[in-house]
Amino acid sequence: MSHSYSVPKKFPTTVVGSYPKIGPASEAIKKRRAGEISEEEFHRIARESIRMVVEDYIWAGVDIISDGEQTREDMVVYFAERLEGYREGDWVRVFDNVYFRKPIVAGRVRWVRPMIIEDWEYARSISAGRPVKFIITGPYTMLEWSFDLHYGDRRELIFDLARAIRREIDEALARGAEYIQVDEPALSTRPFKEEAELLKEALDIIFKGVGAKRIVHICYGELERILPYILDYPVDQFDLEMKNSNFRLLPYLKEYGYDKEIGYGVIDVHSFQVESVGEVKEAIDRLMKMDIVGPEKVYVDPDCGLKRLPRDVARAKLKNMVEAARLAREEW
């Protein structure tokens with residue numbers, strides 16, 4: 001692929017991963033679940049949706065993009081359906097009126113074949129040289145958001161999940177992946193030292209010897225309670241929700257001497273209100289004035305995935321975010 005695109009050294013812009021389902025993706029998900037189309041046909045149909053997502057990112061000016069996770073009905077279920085050892089579960093309420101089919105671990109979890117490589121590679125082929133993050137749900141979130149009827153031992157299960165995830169990451173690394181992001185939203189729901197340490201052991205398996213940029217995304221919850229226990233994770237960057245919680249975490253980052261890169265969430269993905277350029281710029285200024293890390297370590301992005309927003313709102317939010325980052329480069 002071409003590497004003609006130059007990612008800014010200060011305040012590069014990126015996304016957490018998901019994007020509103022557009023084009024034929026939603027219908028293709030239903031047809032695949034009903035057994036009306038094959039896995040191969042499913043991904044082929046979804047290419048049109050991925051193309052539209054990438055076009056939106058390029059239009060907005062985002063530097064490091066994703067495939068928009070257009071084939072993922074759910075961040076856990078998608079992988080559970082493609083790993084050996086899982087079977088389908090029943091509907092479980094997550095929050096408000098949001099439900100998902102909580103999968104069941106019924107046997108030994110193993111990687112069988114590439115799960116998200118095809119979508120990611122297609123996005124790379126049409127990205128106009130922009131890097132495309134390889135984004136996968138992490139072992140702790142897979143563990144927490146599944147029913148275990150086989151292992152009876154959380155450590156055994158999370159380590160098998162970590163090995164399966166690493167196998168998928170190896171497929172991406174062999175194809176030149178530059179940014180590897182592991183999503184762990186479940187960690188903030190159990191903000192305890194022992195849970196943070198369990199995930200660290202799993203991440204040691206996932207990231208050992210990985211030369212690409214290693215990123216972990218965590219969002220919401222009381223992350224400040226476990227911040228001291230995650231700072232030594234084998235990662236280059238933590239991608240963090242900030243806007244929705246009114247940047248509550250910033251003083252804690254300062255207190256604990258945070259020095260890794262930060263994916264700095266400046267867009268509230270739960271609000272349909274589009275942040276102004278000035279509002280986003282002010283959020284960036286707020287971080288810089290605290291002198292936690294330099295501008296070369298700040299990746300400007302939304303709090304979380306954009307999938308629950310209308311497409312026009314997502315586009316507008318990204319456009320303003322990119323412009324705010326550009327202005328910040330001129331100042332900082």
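Cβ coordinates are placed from backbone N, Cα and C, and glycine is handled just like the others.
For Cys304 (Zn(2+) binding site), the number of other Cβ atoms no farther than 10 Å from its own Cβ, over all displayed protein chains, is 27. Sequence annotations record features per position, and here Swiss-Prot assigns Zn(2+) binding site to His217, Cys219, Glu241, Cys304 based on sequence analysis.
Remark: Glu241 (Zn(2+) binding site) has Ile218, Cys219, Tyr220, Gly265, Asp303, Cys304 as non-local neighbours, by Cβ distance under 8 Å and separation of at least 6 in sequence. Those same-chain residues not listed among His217, Cys219, Glu241, Cys304 yet with C-beta within 8 angstroms of the centroid of the Zn(2+) site C-beta atoms are Val16, Pro185, Ile218, Tyr220, Asp239, Leu240, Gly265, Asp303, Gly305.
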